[in-house]
Amino acid sequence: MNRWGLIGASTIAREWVIGAIRATGGEVVSMMSTSAERGAAYATENGIGKSVTSVEELVGDPDVDAVYVSTTNELHREQTLAAIRAGKHVLCEKPLAMTLEDAREMVVAAREAGVVLGTNHHLRNAAAHRAMRDAIAEGRIGRPIAARVFHAVYLPPHLQGWRLERPEAGGGVILDITVHDADTLRFVLNDDPAEAVAISHSAGMGKEGVEDGVMGGVRFQSGVIAQFHDAFTTKFAETGFEVHGTEGSLIGRNVMTQKPVGTVTLRNAEGESQLPLDPANLYETALAAFHSAIEGHGQPSATGEDGVWSLATGLAVVKAAATGQAAEIETGL
């Protein structure tokens, strides 16, 4: 059994990750919050035996084998490196870090320490996206030529705060949502992005210059072009993910979500058909793969390197939106 420590008393851990760890044979034995009061309450609420107030205490605990980092973005590097130095496996929330240099440092450190580093990109675990990837690989739409991602949602009040108010913490829709688009596109297309263009704005929710909406496009190395629309501000929009090829189209609806829902339609000269989907919990799929990787079998659903690619794409979108010019996507890996 893999024993986990949590860095951060986060909503995502409470709503999704703690349950996924337990459902896949792991145990959550400790959690860390800089607030002793909050940490104790969180631990009690979630059935966690220990609560500590420092990263050093958590990663130094011999009862902890792996660490889940879900603090604000600017803290990811130092906390992940501390865990790696202590010989712990790490599943880190996206984005891995605030800069590519820091993200690469995390990947190299994990490799040299011989521990597993994963990025918590949940969407590549969705049955819809896996079915689309398989259909493309099987040639069911011919050669992919374009993709479209609709990921404009409404950020609920309990998730607002720093995402809308703190640029220094990595707030804003690009590093929160666009990085997920980037990873899902890479996964489904089995292709790497090369260049991005974008326009961003604040429609009233973002403060301190934080963008709450962005539209843009990405050109992939194969020549596929993809467009995306991401936002925190749209209460009634539907999410979607489409890939269009020379011989057909894949149309995913309600698939850019944490829940195991949505549909995928294959449309071609023969008509329309629904792809069969297994509605498995996305986070349980991710944690099962992570536990297997710890045991020496395979790798996480999204590796540290995958996290570098999504961050590189997100930062290119930030640059393109700021300059009005196309920005190259380079990881330095």
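Yeah, the Cβs are placed from backbone N, Cα and C, and that goes for glycine too.
Pulled from Swiss-Prot, these are the features on record:
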BINDING   9-12, 33-34, ARG38, 71-76, 93-94, ASN120, 162-163, TYR283  NADP(+) binding site
Cβ neighbour count within 10 Å of ALA9 (NADP(+) binding site): 24
Count of other CB atoms lying within 10 Å of the CB belonging to ASN120 (NADP(+) binding site): 24
Around the Cβ of ILE12 (NADP(+) binding site), the count of other Cβ atoms that are within 10 Å: 17
Surrounding CB atoms that lie within 10 Å of the CB of TYR283 (NADP(+) binding site), all protein chains: 24
Candidate with sparsest Cβ neighbourhood (10 Å radius) among ARG38, HIS76, the listed binding-site residues: ARG38
DSSP three-state assignment for ARG38 (NADP(+) binding site): helix
